[in-house]
Amino acid sequence: VNQSSPVGFLLLGFSEHPQLEKVLFVVVLCSYLLTLLGNTLILLLSTLDPRLHSPMYFFLSNLSFLDLCFTTTCVPQMLFNLWGPAKTISFLGCSVQLFIFLSLGTTECILLTVMSFDRYVAVCQPLHYATVIHPRLCWKLAAVAWMMGLLQSIVQTPPTLKLPFCPHRQIDDFLCEVPSLIRLSCGDTTFNEIQLAVSSVILVVVPLSLILVSYGAIARAVMRINSTEAWKKALRTCSSHLIVVTLFYSSVIAVYLQPKNPYAQERGKFFGLFYAVGTPTLNPLIYTLRNKEVKRAFWRLLGKDGDSKNT
């Protein structure tokens, strides 16, 4: 199929379901536009409104910027492939997509962990919050998240691209990801599989465990107070982040820690689509719909009295 482009790849995606591709094109396009709108709005509000110049919204703006880059890395190519019969991607394009996608995905894993630490201090040590989560620490934690993402991509991308790929070069996925490129190899992939397993444990399982520990400590602290008002306050503080963590990590685990069988591979494509397109779209909606401060900042941006808006 790909004889005319031996140095490129063929992204099969959902080509075995041509009618589904048209539906997915509309869904992905609408999701992408909502992602651009929602995350750009959060960036504007976090930058322009002084009342949102706090650690929580600093990390949220980092997440929004990351999601904008995350989707822009893969969605234009995905839309091109869904729209017409051409499914090809050049080797350079695949390499760039793999490098950026892997870096940003890792950064989000670490950033969500940092945000859980921020929520832990806000609930469990409210009197010391301003001294513990100070601006310098925020910049350092954000820098660590971005640098770890870059380092992970530098470590894992070259060995993946050096694999001896099968002559047909058909990637059974809609973008260039490590698991799909490993499946495309016709040579020994033991090293790559071990590398993927180790990085998945370090960058997925460990951060998720730290997040669960943080929320376990929050739950214990609230239970000791034994107050309905304390529960409500903790829920308002943590619910948005907890929903985002659940959506993101459930899809990441389904993509990177799935068993090797055709059913899991097919199911993994849908989870991968949600991971690449769905979560960046839902993140700003979750934070804006459940956060009164963001909604008030939005009304103030429109020149209205945000403090009087409670909806």
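Any Cβ shown, glycine's included, is placed from N, Cα and C.
Residues or ranges marked as transmembrane segment in TrEMBL: 23-45, 57-83, 89-117, 137-155, 194-218, 239-258, 270-289. According to TrEMBL, the domain 'G-protein coupled receptors family 1 profile' annotation covers 38-287.
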Paired segments the transmembrane segment (239-258) and the transmembrane segment (23-45) in contact, 3+ CB pairs under 8 A: no
In contact by Cβ distance (the transmembrane segment (270-289), the transmembrane segment (194-218); 3 or more pairs under 8 Å): no
Range from 23-45, 57-83, 89-117 with the greatest count of C-beta pairs under 8 A to the transmembrane segment (270-289): 23-45
Contact check, the transmembrane segment (89-117) vs the transmembrane segment (137-155), 3+ Cβ pairs under 8 Å, seq sep 6+: yes
Tertiary contacts of the transmembrane segment (23-45) (same chain, 6+ residues out, Cβ under 8 Å): 14, 52, 57, 60-61, 64-65, 67-68, 71, 75, 78-79, 82-83, 273, 277-278, 280-281, 283-285, 287-288, 294, 297-298, 301
Integer average pLDDT (0 to 100) for the domain 'G-protein coupled receptors family 1 profile' (38-287): 88
